[in-house]
Amino acid sequence: MATNSKSGNSIESARRTLAARLQSAGIEEAALDARLLVGAALNLDLTGMIAQAARRLTVEEAARLEQYAQRRLAHEPVARILGMREFWGLPFRLSEATLVPRPDTETVVELALEIFRELPTSGRRPLIADIGVGSGAILLALLHEIPEAFGVGTDVSLTALGTARDNAAALGLSDRSGFIACYYAAALSGPFDLIVSNPPYIASADIANLSAEVRDHDPHLALDGGHDGFDAYRALIPQAAERLAPGGALIVEAGQGQAQGIETLLTAAALIVDRSPRADLSGMPRAVSARKMPA
Ligand code: SAM
Ligand code: GLN
């Protein structure tokens, strides 16, 4: 029978009990969430948790774990409770203004890296822009992989920009990155070798139907793509096209069923759609790219 987290329970039994409570509340990934929350409440990594499996929880640890359990049972995502999320194997701190970076967005990083490696060398420092940078997930993953590049992230949220800047510092990337408040790419000049973006793309009317984890905890500024979900693409694609270097590439994340509509906008902005969208792990076309005509 699943009961509250009690001091005197072993770490292993606290983990199992929490997994059972989360599972009976219908929370997906209950086992993983329980492991992460026990680890956070006890400040132990997986190895520590295994090594100390039989140790009893202190009163303070049990109280902290119970607080985390209540928050998760109320559908707050684990990443919000922990205040951090791993993306591309790197740690990202979160704030209330930042989207929790999604594993699907790693598809954008993968495709951007593949395209970057095909670009002709220009003889100057590669320049990357991330429009709607949020926590910095995409931009900082790319800078981590491309040590010679400099990157600029934009956002309309000053709080998100502060979080991205803090993440850049924590990852040792401050001297290769800049963060600018503006409407999509409006304040940027370039020319950029790569422009990436995971813009808000959920149709406004669909937001009410999202899971509580997303609807009640991700900032709506990061989600709301207007009446058909395409407002951000319509605004940023022409801006990005103007700011790409000849031969440079734009890579954007697509929501469900949006890849084709995005390709139409890319072509209308005189960009060349020269490869199929890259699918995410579920097989959905997730990253869409186009090139600016080479010189
Ligand atoms: N790049 C991050 C990621 O992939 O996890 C965050 C993506 S989130 C879906 C979209 C971001 O765009 C949010 O941080 C939001 O604040 C920002 N945003 C929304 N409208 C914007 C605008 N008009 N100009 C610039 N950024 C905007
Ligand atoms: N991928 C996010 C979701 O479906 C949405 C993020 C976005 O609008 N770019 O919850």
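For all residues, glycine too, the Cβ spot is worked out from N, Cα and C.
Heads up, TrEMBL stuff is auto-annotated, nobody curated it.
Site annotation (TrEMBL, ligand S-adenosyl-L-methionine) includes Gly132, Val133, Gly134, Ser135, Gly136, Asp155; from Asn198, Asn209, the additional listed residue is Asn198. Pro200 (substrate binding site) sits 14 Å from Ser135 (S-adenosyl-L-methionine binding site), taking the C-alpha atoms as the reference points. In the three-state DSSP assignment, the secondary structure recorded for Gly134 (S-adenosyl-L-methionine binding site) is coil. The CA atom of Tyr201 (substrate binding site) is located 15 Å away from the CA atom of Asp155 (S-adenosyl-L-methionine binding site).
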